[in-house]
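To start, the structure itself, in structure tokens.
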Ligand code: SF4
């Protein structure tokens, strides 16, 4: 790559990535420094070309079930941190089963079971194993768990009982920034859980925040940190200041930086899953993220659901336009299609039968 995107042969750059070219730190610096919308659109074009080579026009859809908003932690960026005086809920088993039955009737490839680090489940992990078993039983679908950091024994039990994917975002691999964001939590334990899960046959997702004190060098540290863990799915999300949190007063950046990083992720992880979350800007935002190179739509919830998202751009809106039917309609208007369940299952199966062998942080 040369130092001005206007001199790139965009198709040739895409082809070189498809053939296995790796980005250097200088390449990353160059791409992350782009500020002009026109330049970022060129980068988005290259990323789409790479994605289309590996995935065609097929998109994966994940349903989001935030079943407990209780949490023992104090992350500075999070609305659900334990110090925030908000209304919280924890669904009981009947409610979880009934949501799972509703999910079964939608076009969804995987169910994402998310909670804060709720002591109710973390002190007695068997209760969480029961939730996974019940949702598996009701849906028969692959299950992603997003429970925070759990120990090796619990991760193993969850995997044996139907959990296929672990989502555990580091948020940043820059240790100084980590200390400010994930206040009082171990950097290494978080990495360890993801690596351990991967080695026993889970697919894993790592993710970072942008617009939260990360400059270009810090972002490169995070991108390389994610790369070292060899995740199956990589995410970036724009930081959105949340009421009642220590970072409430921070100015929110536009989504341009996120769109740029999504494209950079596609060039670094050409054949991996990269999500376009509905949680930040709904279906219009999903379109921009897919156009930047994403290939998964996450945070789908049924039209009448009152469950929480994580960022919840639509917390105040009466109608929540993020059900699978609305998503698919918009995908088709973009010339894209939901993938088949078999296509998604083959990704899960490949990892299950060929677990990774990466060094685990003690
Ligand atoms: S990010 Fe997760 S672990 Fe941190 S406070 Fe929020 S819910 Fe808890």
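Glycine too: its Cβ is placed from the backbone N, Cα and C atoms.
TrEMBL annotations: computationally assigned, not manually curated.
Keep in mind the model is a prediction, meaning the values are calculated, not measured.
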Binding-site annotation, TrEMBL, S-adenosyl-L-methionine: partner of 171, 182, 190 in 64, 67, 77:
77
According to TrEMBL, 146, 169, 235, 277, 298, 299 bind (3R)-3-methyl-D-ornithine; so which of 112, 118, 323 is the extra one listed there?
112
Whole-number answer please: how many Å between the C-alpha atoms of residue 277 ((3R)-3-methyl-D-ornithine binding site) and residue 71 ([4Fe-4S] cluster binding site)?
22
With H, G and I counted as helix, E and B as strand and the rest as coil, say where DSSP puts residue 235 ((3R)-3-methyl-D-ornithine binding site).
strand
Inter-residue Cα distance where the pair is residue 71 ([4Fe-4S] cluster binding site) and residue 77 (S-adenosyl-L-methionine binding site), in Å:
13
Counting across all protein chains shown, how many other Cβ atoms sit within 10 Å of the Cβ of residue 190 (S-adenosyl-L-methionine binding site)?
20
Which one of the binding-site residues (182, 235) has its C-beta surrounded by the most other C-beta atoms within 10 angstroms?
235
Between the binding-site residues 77, 169, where is the Cβ count within 10 Å the lowest?
169
Look up residue 182 (S-adenosyl-L-methionine binding site) in the DSSP assignment and reduce it to helix, strand or coil.
coil
